Amino acid sequence: MQESGLKPILWKNKELILLDQRVLPGTTSYITAKTLEDCIFAIREMVVRGAPAIAITGAFGITLYWNSLVSKPSFSELKLKLSELLESRPTAVNLRLAIEEFSSRFPESNYSSFSLEEIQKGAEELALFMLSEDLENNLTLSKYALSLFPKQPSSLNIITHCNTGALATAGHGTALGVIRSLRDAGHSLTVFADETRPYLQGARLTAWELQEEKIQSFLITDNMAGWVMSSRKIDAVIVGADRIASNGDTANKIGTYPLAIVAKHHGVPFYVAATAKSMDFRIPNGSYIPIEMRKEEEITSFGFLKDSDGKPLLKEGVIAPKGMKALNPSFDVTPASLITGIITEKGIVSPVTEENLKKIFQLI
């Protein structure tokens, strides 16, 4: 099973190099993050996106912050910086876990005992570990997913939503990583990729990855999924996750919830592919997941799409009248009752219950 050749995150010469996903697929360009503030900007403005990639970028942001110092800040100053990082994208739990992992290694109780050099070294080691761990976990997750499909090479039709491939992770992917691994196992695939309004991650990113991987695919608008399921045999819907509550309720890119409802109606298995880093056992269900509200302009215009010079590709007002108000929740929550199974690096959870989730992650 091969990893993707796409590398959205590179650590080179103590600088973080990020593939600028705002300008894909028209332009392939990279930006260099030299400070924590650069990383916060990259996360908030979606230069980098996808819960695992956000967390890894955040970890390297912490490294860049420490590398910029000539003396240790007070612990209160450090907490403020970490808080600013956390606020850049609040829904995905992965970023919070990365910050907490750093904090657990250098806790307030014995913060004074660590030298600046020790923390600089430890921060970089953690970020590099997270980069390699995510790739390994994605590959393992994909191996487990193969058991859900025929052992013999078959023709499979799959629907996916948003972007969950190499661009969203350390380099293989969760849901799209599963699709890639099914192809590598000899299956003949046809993938229907939701365009994923309003930010068009499916149209701009997933479609691009599928073409790069030479996987047969069709781009569909989000509201075509019902037509696709009713007009041809669909073997599975596979999506990713930004946060999974204790009971299995799953926050993912807006539009996932209605896709799950349509899949349930048509008897199509609906799978979530995610690693343990997307689990949040501190919350009982999806109602506790904070939903990020983004700018209205992402709904009312395509001005957020930039060319290689950073200029808007289209003028404001081409989609909706100027002054029209819009709602723009970036995520919705799919109830566990609509999810056939959650594919993880520890195995497959099905049926999706709190007890089964805790068992597979050895919490009970």
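Heads up, the Cβ atoms here are built off N, Cα and C, so glycines get one too.
Worth saying up front: this structure is predicted, and the values here are computed from it rather than measured.
Features of the protein shown, as given by Swiss-Prot:
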- ARG49, GLY50, ALA51, ARG89, GLN201, ASN252, LYS253: substrate binding site (BINDING)
- CYS162: site 'Transition state stabilizer' (SITE)
- ASP242: active site, proton donor (ACT_SITE)
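Sequence features, as recorded in Swiss-Prot, placed on the structure.
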residue : record                             : Cβ neighbours (10 Å)
ARG49   : substrate binding site             : 25
GLY50   : substrate binding site             : 31
ALA51   : substrate binding site             : 28
ARG89   : substrate binding site             : 24
CYS162  : site 'Transition state stabilizer' : 29
GLN201  : substrate binding site             : 26
ASP242  : active site, proton donor          : 29
ASN252  : substrate binding site             : 29
LYS253  : substrate binding site             : 27
Distance [Cα-Cα, Å, rounded] between the residue listed as 'active site, proton donor' and CYS162 (site 'Transition state stabilizer'): 11
Cβ-based neighbourhood (8 Å from the centroid) of the substrate site, residues ARG49, GLY50, ALA51, ARG89, GLN201, ASN252, LYS253 excluded: ILE54, ALA92, CYS162, ASN163, THR164, ALA168, GLY240, ASP242, SER330, PHE331
ARG89 (substrate binding site) and CYS162 (site 'Transition state stabilizer'), Cα-Cα, nearest whole angstrom: 17
In three-state DSSP terms, the structure that CYS162 (site 'Transition state stabilizer') belongs to: coil
Site extent for substrate, whole Å (max Cα pair distance, ARG49, GLY50, ALA51, ARG89, GLN201, ASN252, LYS253): 16
Assigned element (helix, strand, coil) containing LYS253 (substrate binding site), judged by DSSP: strand
